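Novice: What Swiss-Prot shows for this protein is this:
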- CYS62, CYS65, CYS68, CYS111: [4Fe-4S] cluster 1 binding site (BINDING)
- CYS72, CYS101, CYS104, CYS107: [4Fe-4S] cluster 2 binding site (BINDING)
- 52-82: domain '4Fe-4S ferredoxin-type 1' (DOMAIN)
- 92-121: domain '4Fe-4S ferredoxin-type 2' (DOMAIN)
Amino acid sequence: MKISRIFKTIFLLDFLGGLNIAIKEIFKSKKTINYPFEKGKISPRFRGEHALRRYPNGEERCIACKLCEAVCPAQAITIESSERADGSRKTTRYDIDMMKCIYCGLCEESCPVDAIVQGPNFEFSTETREELYYNKEKLLDNGDRWENVLAANIKADNSHR
């Protein structure tokens with residue numbers, strides 16, 4: 001054995017080095033949060049639960065262009081529309097199968113009027129599979145519930161679009 005190794009062994013230098021690291025780590029600030037009681041900060045680009053937005057006058061934003069349905073790689077979106085008296089289209093059915101959805105965000109990017117968005121809600125577990133089949137009413141309710149946050153997130157992300 002080399003003399004330096006004997007010296008380290010006698011004076012427990014390897015042990016003291018490890019102990020030094022452990023003591024430093026004890027006094028560092030904690031990185032974890034106490035999850036259901038504390039929530040971490042969410043990015044404005046977070047892809048959570050889907051929502052359909054309305055204009056400030058209460059009219060639905062969706063113009064039934066079906067771009068989101070066409071671009072969805074998982075084919076999770078189904079849209080049906082009818083024609084209004086003035087010639088424009090109205091969405092009669094807007095369904096998203098959340099079991100198929102891969103949360104890629106392509107539907108949100110393709111929408112020309114920011115009608116379909118992915119909101120900040122990540123706590124939407126259910127007890128049955130049927131609850132993961134979102135219809136137009138459920139999506140509009142989500143949009144109404146999260147409108148303030150959604151509008152702020154879109155405004156914050158506007159420079160990156």
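Just so you know, glycine gets a Cβ as well, placed from its N, Cα and C.
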Novice: What is the pLDDT of the domain '4Fe-4S ferredoxin-type 1' (52-82) when averaged and given as a whole number?
Specialist: 96
Novice: For CYS107 ([4Fe-4S] cluster 2 binding site), which of these binding-site residues sit within 10 Å, Cα to Cα: CYS62, CYS65, CYS68?
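Specialist: Hits: CYS68.
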Novice: Within the same chain, and leaving aside CYS72, CYS101, CYS104, CYS107, name every residue whose CB is within 8 angstroms of the centroid of the CB atoms belonging to the recorded [4Fe-4S] cluster 2 site, in sequence order.
Specialist: CYS68, VAL71, PRO73, ALA74, ALA76, ILE77, ILE96, ILE102, TYR103, GLY105, LEU106
Novice: Which are the residues of the chain, CYS62, CYS65, CYS68, CYS111 excluded, whose CB is within 8 A of where the CB atoms of the [4Fe-4S] cluster 1 site average out, their centroid?
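Specialist: Going along the sequence, the neighbours come out as ILE63, ALA64, LYS66, LEU67, GLU69, ILE79, CYS107, SER110, PRO112, VAL113, ALA115, ILE116.
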Novice: Looking only at C-alpha atoms, tell me how far CYS72 ([4Fe-4S] cluster 2 binding site) is from CYS62 ([4Fe-4S] cluster 1 binding site), rounded to the nearest Å.
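Specialist: Their Cα atoms are separated by 16 Å.
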Novice: Mind checking which of CYS68, CYS101, CYS104 has the fewest other CB atoms within 10 A of its CB? They're the binding-site residues.
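Specialist: Candidates: the binding-site residues CYS68, CYS101, CYS104. Fewest Cβ atoms within 10 Å: CYS104.
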Novice: Could you tell me which three-state DSSP class CYS107 ([4Fe-4S] cluster 2 binding site) falls into?
Specialist: helix
